[in-house]
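Following: one structure in structure tokens, then a few remarks.
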Amino acid sequence: MQRVNLSTVSEFVLVGLSDALEVRFLLFVLFLIIYLATIAGNTTILVAIGMDTHLHNPMYFFLGNLSLLDLLCPTVTVPKMLEALLLEKKVISFTGCVLQLFFLIDVVGTEIFLLAVMAYDRYVAICHPLQYLNIMSMELCARLAVGTWVVGFLNSLLHTSLIFTLSFCGSNEVDQYYCDIPPILALSCSPTYSRELVTLVVAGVLGSSAFVVTLVSYTYILSAILRMSSESRHKAFSTCGSHLTVVCLFYGTTICTYVRPSSTYSPHQDRIVSMLYGILTPLLNPIIYSLRNKEVKSALRRAISQVRAAL
């Protein structure tokens, strides 16, 4: 790989937000409410799973990991965005940009692999119900969860190192409200083709592997459900419907953002799509699970009753 000069850029300017004071204030209030609701929703799911012994099983163990990721994902980008909206402080240091991009890719990558693991868990539960607890032991669940976090970390480390070893000696204005791969690559004054190729290949192999596991799992799940009685079919759909909805929402937005070359980068379009998976998806996930899952709703009611009794 070609050796490049050290960067001469010491900071970046995030210019993806409005300069109008009235619009900035409205956006600040809106995103603050969404962020607080996201924190509250995912924290509630984590507390319910931790407090209720009925939810101490593989499915909710993985759901707890998903809620944790949904807490981390907006926390990587939203506080800086709120600071820019309220104080008009749009500058982020070079190191801060590196860390923001690293943690964002880490969280997004880990969630992709976790959704694949959750799909496999639902496959075992629906297609091999009598062997479910033997196959999905807590030891295996712990290994699978740790594996998703480790692969996400290594994947992010590779992507971040490839991007920030490029030279940045021209404009430092990032046309986005956070540091992301396409707008950062667009600022480099070094050839980016080889880095883009490696990034796309690695992301393609890992992402497509996770997608294939998810797709194959749900193919077997749907085949098994169609052979069930109407009552069993309804119960199976209720346990898988929430996860399938989350999978479609997450994959749809991330594919639109990352699975393409930077030459097709569109700041306005990408800003909207990135808000979908970076801000709205973490908000919707706990809502989807709590509304479509009777066990979660029951656990939340029991948790609320315990809190009231304690008070």
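Any Cβ shown, glycine's included, is placed from N, Cα and C.
According to TrEMBL, the features are:
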TRANSMEM  25-48  transmembrane segment
DOMAIN    41-289  domain 'G-protein coupled receptors family 1 profile'
TRANSMEM  60-78  transmembrane segment
TRANSMEM  98-120  transmembrane segment
TRANSMEM  140-158  transmembrane segment
TRANSMEM  197-221  transmembrane segment
TRANSMEM  242-260  transmembrane segment
TRANSMEM  272-291  transmembrane segment
Requested in this report: Mind checking which residues of the chain, 6+ beyond the ends of the transmembrane segment (98-120), have their Cβ under 8 Å from one of its Cβ atoms?
Outcome: 59, 62-63, 65-66, 69-70, 72-73, 76-77, 80, 92, 144-145, 147-149, 151-153, 155-157, 159-160, 163-164, 178-181, 184, 206-207, 209-211, 213-214, 217-218, 243, 246-247, 250-251, 254, 277-278
Query - Per-residue pLDDT averaged over the domain 'G-protein coupled receptors family 1 profile' (41-289), given as an integer - result: 84
